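Residues or ranges marked as signal peptide in Swiss-Prot: 1-20. Per Swiss-Prot, domain 'EGF-like 1' is recorded for 21-55, and the stated evidence type is sequence analysis. Feature annotation from Swiss-Prot assigns disulfide bond to 24-37, 31-43, 45-54, 65-75, 69-81, 83-92. The annotation domain 'EGF-like 2' is assigned in Swiss-Prot to 61-93.
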C-alpha cells in the first residue's frame, strides 16, 4: 500500500474514534448477569439488572447509605458503590483516565482491565507519545503513564491556554486508546485529560517572621514609612513586601492577621483577630477596627484603625500573621460586606459637616 494511502487511512480513522470508555465488544468489558452485547457496544440487561455493564442488581439499591458515592455512583447494599463507566474505586472517586498536575509537568495516567492488550498514546503522535505500562497501584487493573513537561515542544506538546484576566493556565491533551495493537476500530476511544493551574491556587502557605528574610513588614500612616508610634484612632498601613520568596513565587497576600499587646507588669495579654481567611472578622468589625485587606502590586497590605487593646496603658502592639505566596499575582477572595447596625432606640443622632450628596 502506498505511504500516502496509509497516512490518509490513519487520519480518517482518528476522526472516527469514539468518546466513550465502555464498549462490550472490546476485551475486558463484558456484559454481566446475562446481559447481551449489542451491535453498538452497549449492554442490553436482563430483568432486574441495570447499569452500563448490567452489573447492578436493582433490588440492592439503597436509599440510606453509610458511604458517600462520588461522580453519580449509586449506593447498594447500604455500604457499597456502583460506579458509572468512567470511574472506579470503593466510592467511585478514581477516574480511569486522569492526570497528575505537577509543578512543571502533566503526568497522564490510565487504568485498563487486565485483559487489555492494546496501546495508549497521545492523539498527535502514535509512535512518539505512547503511555508505558507501569506497576499497577490497583489490583485487577493494568496501569499506564506518560509524563509530559509543560514546556514540551516535540510531538508530545500540550495544548496550553492562559486566561488574560485571571492569569490561570490550562493544559490539555487528547489520549487515544486502541484495543488491538496496530489496529483501529469504531470501538476504540478518545479521552481529553487536562490540568488547570489557578493563579489563586498556585501558592504555598508558610508561617513567617521578619527573621526568615522572606518578607519585610513595615507600618506607616500612609505617608510616613516605618513608624514606631501612631496616635490612637489614626490609620495604620501594614505592608508585607516580598524580599526573598521561595523559587518561582513573586507576590504575597495576607491570609490571617492578629494584633496583640502584652503588659508585663500585670502578666496580661490582649489580642484581636483582625483578618481570618483574608476577610475581616465580625468582632473586629463590631469594635470599629475597619480592616481592609489589599494587594498592591506584589505586596500585601492591611489598613486598619489604631485602637489600643488596653485602655489607658501605653502597651505596644505586635502582629501575628499568615501569608500566601503566589507565582504571578495574588487575587483576594470576595468577602461578605459588614452588616449594617441599627441605631439603638433612644439614641440621639449626631453628625457634623454638610455631608456628601449622593446623586
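Backbone N, Cα and C define each Cβ position, glycine as well.
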Run through the Cβ atoms and count how many others sit within 10 Å of the one on residue 69 (disulfide bond).
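Around the Cβ of residue 69 (disulfide bond), 21 other Cβ atoms lie within 10 Å.
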Enumerate same-chain residues with a sequence separation of six or more from residue 54 (disulfide bond) and a Cβ-Cβ distance below 8 A; give 'none' if the list is empty.
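Residues satisfying the criterion: 31, 32, 33, 34, 35, 43, 45, 46.
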For the disulfide-bonded residues 31, 65, 81, 92, which one has the sparsest Cβ surroundings, going by other Cβ atoms within 10 Å?
65
Do you know the DSSP helix, strand and coil residue counts for the domain 'EGF-like 2' (61-93)?
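DSSP classes over the domain 'EGF-like 2' (61-93) add up to 0 helix, 9 strand, 24 coil.
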Using DSSP, tally how many residues of the domain 'EGF-like 1' (21-55) sit in helix, strand and coil.
0 helix, 6 strand, 29 coil
Cα of residue 81 (disulfide bond) to Cα of residue 75 (disulfide bond): how many Å, rounded?
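Roughly 5 Å, rounded to the nearest whole number.
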If we check Cα distances from residue 75 (disulfide bond), which of the disulfide-bonded residues 24, 37, 69, 83, 92 wins as closest?
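Going through 24, 37, 69, 83, 92 one by one, the closest to residue 75 (disulfide bond) is 69.
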Select the most exposed residue of 37, 45, where exposure means the fewest other Cβ atoms within 10 Å, treating these as the disulfide-bonded residues.
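Among the disulfide-bonded residues 37, 45, the lowest count of other Cβ atoms within 10 Å belongs to 37.
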Cα of residue 92 (disulfide bond) to Cα of residue 65 (disulfide bond): how many Å, rounded?
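Each residue's Cα considered, residue 92 (disulfide bond) and residue 65 (disulfide bond) end up 14 Å apart.
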Checking the contact step here: among the disulfide-bonded residues 37, 65, 69, which have a Cα within 10 Å of the Cα of residue 83 (disulfide bond)?
69
Counting across all protein chains shown, how many other Cβ atoms sit within 10 Å of the Cβ of residue 83 (disulfide bond)?
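Residue 83 (disulfide bond) is surrounded by 24 other Cβ atoms within 10 Å.
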For the domain 'EGF-like 2' (61-93), would you mind checking the mean pLDDT of the predicted model?
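Residues in the domain 'EGF-like 2' (61-93) carry a mean pLDDT of 92 in this prediction.
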What is the interatomic distance between the Cα atoms of residue 37 (disulfide bond) and residue 69 (disulfide bond), given in whole Å?
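Per the Cα atoms, residue 37 (disulfide bond) and residue 69 (disulfide bond) stand 27 Å apart.
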Could you give the Cα-Cα distance between residue 69 (disulfide bond) and residue 24 (disulfide bond), in whole Å?
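Approximately 24 Å lies between the Cα of residue 69 (disulfide bond) and that of residue 24 (disulfide bond).
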